[in-house]
Amino acid sequence: MFQWLMQALMLPLLLLPLGRAAPKDGVARLDPEVQQQLTPNPFQPGPEQLRHLQNYLKGLEKMEEDPEHMDREQVLLSLFALHDYDQNGQLDGLELLSMLTAALAPGAAHFPINPVILVVDSVLETQDLDGDGLMTPAELINFPEVPKHTESLPPALQEPQPAGSQPLLANSPLQSETQQSLGTKEEIRGQVEAKRASLEPEQEAGHQTEGKVDTLSPEEEARGQAESEGDVPGPREGAEEQVEIKDNEGEAKELLVETLESLNTPNEAEAHSIQLENDEI
């Protein structure tokens, strides 16, 4: 019985926070269409963003010049000057929140959680290049461009595309010019490599010839020096001298044969006379 009593007392205490957390009629809610309009960065270059900021400046009725005739840079500088409350040349997070709330969703300032805070975080993440949490006029005007050459990025950094969708830069003239320039560079590189390969055999032959010239034997060096000085005959003169030596050797042989024949002739005469004497005896 005591347990049932405790459960009955605890049940209202558990249901009370849920009842307070549930939305009630009459509580201001942000329009879903307004929430969708808060997602893009209003400082991003584009005709819709510029028109929205021009309408905001036009509604202030504090501008000497008609905002419709102002370009994007003039509009952003005017917004910067209006919301730089401390006049330090920089916009902090609160000043950005005040500017974007007034420009995008004026009624969102009364909400417990301002949805424009997400837009402020996106602006600081995208345009606060030095990461100090402050926006300068240059950072506000110079919106960083999204990299267009996704093909040059590593596969891990490329955004996945749904199946059946074509790449955005498939037929862009910039990509075709880039591919043509890359093809031209590859052709020039191939020609240079082919020319270098054709010159390598000639360079090797030249190196071999120089090596042969450098590695001459001592006899050839001595002969070359003698030929240059005139002491040793050249190849043609040596051949003529060898022919003359051979002719002289032939003549000497002929003289030797004739001498031997002349020496043998008296001996034959003496032998013949001795034989005649023997016959007579």
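Even glycines carry a Cβ here, placed using N, Cα and C.
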Can you tell which of S152, S198, S228 Swiss-Prot marks as phosphoserine?
S228
What does DSSP give as the helix, strand and coil breakdown of the domain 'EF-hand 1' (71-106)?
25 helix, 1 strand, 10 coil
Between D132 (Ca(2+) 2 binding site) and N88 (Ca(2+) 1 binding site), what C-alpha distance do you get in Å?
14
To the nearest whole angstrom, state the Cα distance for the pair E95 (Ca(2+) 1 binding site) and D130 (Ca(2+) 2 binding site).
18
Helix, strand or coil at D132 (Ca(2+) 2 binding site), per DSSP?
coil
Which residues, sitting 6 or more apart from D86 (Ca(2+) 1 binding site) on the same chain, put a CB under 8 Å from its CB?
none
